[in-house]
C-alpha cells in the first residue's frame, strides 16, 4: 500500500478490491493544511493566462473541427455509415471535449484560471452558458460544497441519506435491473434536475433552484449575478432556437443536443464517483471539521479521459484541499501530498463503468460507525 493509501493496483484482484473498499480513517488527521501546502512546490499555485488559454483554445479548436467535419462531410457518406458510425463517433468525441471545456469553466469558478477574477468570471460565464449552466448560480453553490464537503447537514450535492430517511421504493430498485434504471435516470436527468430543483442537493426552506435569484441557496449580494446567469442561458437558448429555425431541429439536436447529453452524463458520473465510495466517511455536526470533510473524496482513473477532462478525475483530493491550483499543476501537487496524506488519500482504479454500478449497489445510505464508537461518523451500507 505504501504512502499512497488505498490503491487498487489490479481491478480484477479480489485482494486489492477488498483493500480499496476498506473503510478509510475518520479521526482528525495528524497533519494540517499548512503541512500539506508546504509540501507542494510553490509554482504549483501559480496561474498562467497563456497556459490556461492554451488549453481552452485547444478544446475550442477540436470542437470546431468536429463540428465542421460533421456538418460538411457526414452527408456525403452512405447513410448506414453516417447514421451508425459517423454521428455516434461525433457525439462521443464532441461530448468529451465539451466536458473538458466545462472543467475549464469550473476552474474559473474557483479562480484557478488566472490571477484576475474578471477574466475568470468572463470566461466561465461565456462557456458555462454555452453548455446551459448558470455560471454564477453554480459558482456560489459549488463554493459552499467545497466549504462543507462531507457534512451530512450542510454539504450541497450527493448528500447520502441516513437509513431512516431511505425512500420506501428503494428496496424495490435494489436489484440489477433497478440499479440500471436508477443510473440511467440519474445520468440523463440528474444534472438539469439538480440545477432546476436541487435534486440530490441539501434540503432548503423554500424553492431551491439555481435559476431562481431569490432561492435560499443564495445570499442577497449574489442575487444580481443570478439574473446575469439566467440572461446567459436565455441568450444561448435563443441562439439554439435560431439555429434550429435555420438548419432544422434534427440538425440542432445532432450537432448540439446529443453532445450536451454526453456532457451531462459525465458531469454526474464524475461527481458521483468522486464523492461516493464505500471507504469514505461522512460526518454530522458533532464530528465534522473542514480538513476531515475535504478528504471525503476519491481520485479515479478514466484512462485517456483523464487528460481530456483536464485531470479533474484523478486529482480531486488535491482539488478539495487547494481549489485554486490550476489543473495543469494538479498532478504534481497530488504526488507531493500523497506521502503526507498516507491512508487519508483515497484512490480507486476500478474502471468507471464497473465502479458506477458497484457504488450504486454498495452505497444506498449511511449509518453511524458504532463498531468503533463513532456516533457522529457515518459510513455507507446497503442492507435494507
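All residue numbers here begin at 1 and follow the chain in the order shown.
Cβ coordinates are placed from backbone N, Cα and C, and glycine is handled just like the others.
Source: prediction; values computed, not measured.
Your range for transmembrane segment, going by TrEMBL and the list 199-223, 249-273, 274-298, 299-323, is 249-273.
Per TrEMBL, the listed range annotated as transmembrane segment is 89-106 (candidates: 89-106, 143-160, 341-358). Confidence over the domain 'Fatty acid desaturase' (86-346), given as mean pLDDT on the 0 to 100 scale, stands at 97.
Ranking 52-69, 118-138, 177-197, 224-243 by CB pairs under 8 A with the transmembrane segment (89-106) puts 52-69 at the top.
Here the transmembrane segment (177-197) does not lie next to the transmembrane segment (52-69) in space: the count of CB pairs under 8 Å, restricted to residues six or more apart, is fewer than 3. Counting Cβ pairs under 8 Å to the transmembrane segment (118-138), the stretch among 52-69, 224-243, 249-273 with the most such contacts is 224-243.
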